[in-house]
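According to TrEMBL, the protein carries these features:
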- 25-42: transmembrane segment (TRANSMEM)
- 26-308: domain 'ABC transmembrane type-1' (DOMAIN)
- 62-82: transmembrane segment (TRANSMEM)
- 130-159: transmembrane segment (TRANSMEM)
- 165-183: transmembrane segment (TRANSMEM)
- 247-270: transmembrane segment (TRANSMEM)
- 276-296: transmembrane segment (TRANSMEM)
- 343-584: domain 'ABC transporter' (DOMAIN)
Amino acid sequence: MTPATDRVTTRRSVLLHLRPGRRSALALAVSVAAATALPLLAPPITARFVDDAIAGAGTRHLALIALGYLALAVAGQVARMFTGWLASRLAWDGTNRLRETLAEHALGLDMAYHGRHTPGEMIERVDGDVVAVAEFVVAFLLDVVAGVLLLAGVTVIVFTVDPRIGGFLLVYCVLIGFGMARAQRLAVPSAARGRAAGAALFGDLEERLAGMEDIRANGAGEHAVHRLYQASSAWYWANYRSGRIGVGLLAGTWVAFAAGTAIALGLAAWAQRSGAITVGTAVLLFQYTLMVRAPFERLIDQLRQYQAALAGITRIGGLLAERRTLPAPAVPRPLPDTGPLGLSLDGVGFAYPDDGEQVLSHVTISLAPGETLGLVGRTGSGKTSIARLVLRLYDPTEGAVRVGGVDLRDADPVSVRRRICAVTQDVQIFAAGVRDNLTLFRPPPDDRLLRAVLEDVGLGDWLAALPDGLDTVLGGVAGSGVSGSGVSAGEAQLLAFARAFLADPGLVVMDEASSRLDPATERRIEQSVDRLLTGRTGVLIAHRLSSLSRVDKIAVIDGGRVVEYGRREDLVADPGSRFARMLSMAGVSR
Ligand SMILES: Nc1ncnc2c1ncn2[C@@H]1O[C@H](COP(=O)(O)OP(=O)(O)OP(=O)(O)O)[C@@H](O)[C@H]1O
């Protein structure tokens, strides 16, 4: 497929989401036709009024014509308002469908994709671009379709009244339309640059806000403000350039219209003088010439929205065309439905797709169902990367990761998400009720079970202190800059354990919290870790060597390789082992 046909296909796939139902489309077509036809009937009434007035018609007769004109004007306005209402309702229905598809698609994309795009950029795509498209669809129906129909109607009528003036109007409309189409080609890329600069600014802003605590604590405020200044300035200049093009186009059309109206008026006056038409018909022709101006002006007004929408549709299409790099298995195999799951990594090698740099090599580890493994190693050694492979956020570039005897590349993704659970140190608390925060928006089990789980992880008193119990809306982690009903870092960790207990997985991957917690919370977390690992297979990325007292096996990772691997008690008993040396250096009792 060529890039051009590719672009057409992706645009079509976006527009298909916006297609209304048959009945709505019919209602819209009728109201657009009425909103266009009614104003076209007005000039003949004015012409009649002028001719009858010149011929000396009575006041009553003229008043009736004037009333007819008024009724027509009101009916035209009503039709236009109804079209506007219907068009925006249908556009929002369509764009909501599109937003849903986009959000679902984006959530299904790999971590590799999300690593390349900031959350702010995704928000701009799923919301900003979709809004631009919605606004354009409304404008397209009201101003573009209705405008083009009106132009066609005016030309046909003027042709039948006076073919010479009709011919002039046709040439004039074609020239203006051609000029605008050329101008649009000039304007679309500059509008696209404006929106891309906007997306970059919002992406930056989102990242800075999310990292507020680190930025403040490390005195990086000045740098952050400078980056924002650069992004805002790029946005300003991109918009300034596209605005300048828009203003230039508007000025150009004004001049073209003034010239066209003057010529049409001259032609009408000449035709009337030569006796070909009446004064009323000359007024009618003049009115029709004026009518041409409004749709063209609205068209050029919409050009900016059209550019934004076209650029938006292209980017939305690009996002929809984005495919997972993790291939779906041809015949998905479910992981064992119950009980702990065995885990084996056989000769695993891995490089992140973005930079292709080898971060893991020849990693071979195996855990029987119910066994637990502690991963230790310096920062950047590859522990998190191993965890990501076990969660199938990426596929290994060499070797295989098997869970419950099933190669994760062949495993049914639904059962992978159900049977393997991650407890990370970066716990996301959603601005939602406690219930939804525990079940992650899945249908909640019985409240008694939720309370029991919270009690078990040591959050019983916390729940009792909440104003609305399980219905209390949480807003964020304390100190994260997000307002909310006080969830401390420790409580957030405990909530993550409660989530894991509710999910009841067969394999748990845990990234131990490296942040300092008070001793009481730390004890509660340790107890929760113990209970969560009981009867389950577990991989624990430990930042404190003392946490490893509970695991069966230890793998010491260095530079992406397993440099030591064995049963914990064997390694502890061997004074020459790296692990034993690490324990003595850290002063941790064995
Ligand atoms: N998304 C990514 N894209 C590219 N490279 C990455 C990515 N994440 C990590 N890396 C690189 O992979 C290597 C291993 O990182 P990893 O996060 O697995 O180490 P770690 O042992 O978990 O470190 P830490 O203890 O600091 O969390 C590092 O060199 C890191 O820079």
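Placed from the backbone N, Cα and C atoms, the Cβ positions cover glycine too.
In TrEMBL, annotation is done automatically, which means it is predicted and not curated.
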Problem - Stretch-level contact, the transmembrane segment (165-183) and the transmembrane segment (25-42), CB cutoff 8 A, at least 3 pairs - result: no
Completion exercise
The average per-residue pLDDT within the domain 'ABC transporter' (343-584) comes out at 83
Practice task
With a Cβ cut-off under 8 Å, give me the same-chain residues at least six positions beyond the ends of the transmembrane segment (130-159) that come close to it.
Solution key: 14, 18, 28, 32-33, 35-37, 39-40, 43, 80, 83-84, 87-88, 90-92, 94-95, 98-99, 102, 165-167, 169-170, 173, 195, 285, 288-289, 291-292, 294-296, 298-299, 301-302, 305-306, 308-313, 316
Practice task
Give residue numbers and ranges for long-range contacts of the transmembrane segment (62-82): same chain, 6 or more residues beyond its ends, CB-CB under 8 A.
Solution key: 31, 34-35, 38-39, 41-42, 45-46, 48-49, 52-53, 142, 146
Problem - For the transmembrane segment (25-42), sequence-distant contacts whose Cβ falls under 8 Å of one of its Cβ atoms, 6 or more beyond its ends - result: 19, 69, 72-73, 75-76, 79-80, 82-83, 86-87, 90, 141-142, 145-146, 149-150, 153-154, 157, 287, 291
Problem - Close approaches to the transmembrane segment (247-270) from elsewhere in its chain (Cβ under 8 angstroms; 6 or more beyond its ends) - result: 164-165, 168-169, 172, 176, 179-180, 183, 187, 277, 281-282, 285-286, 289-290, 292-293, 296-297, 300, 303
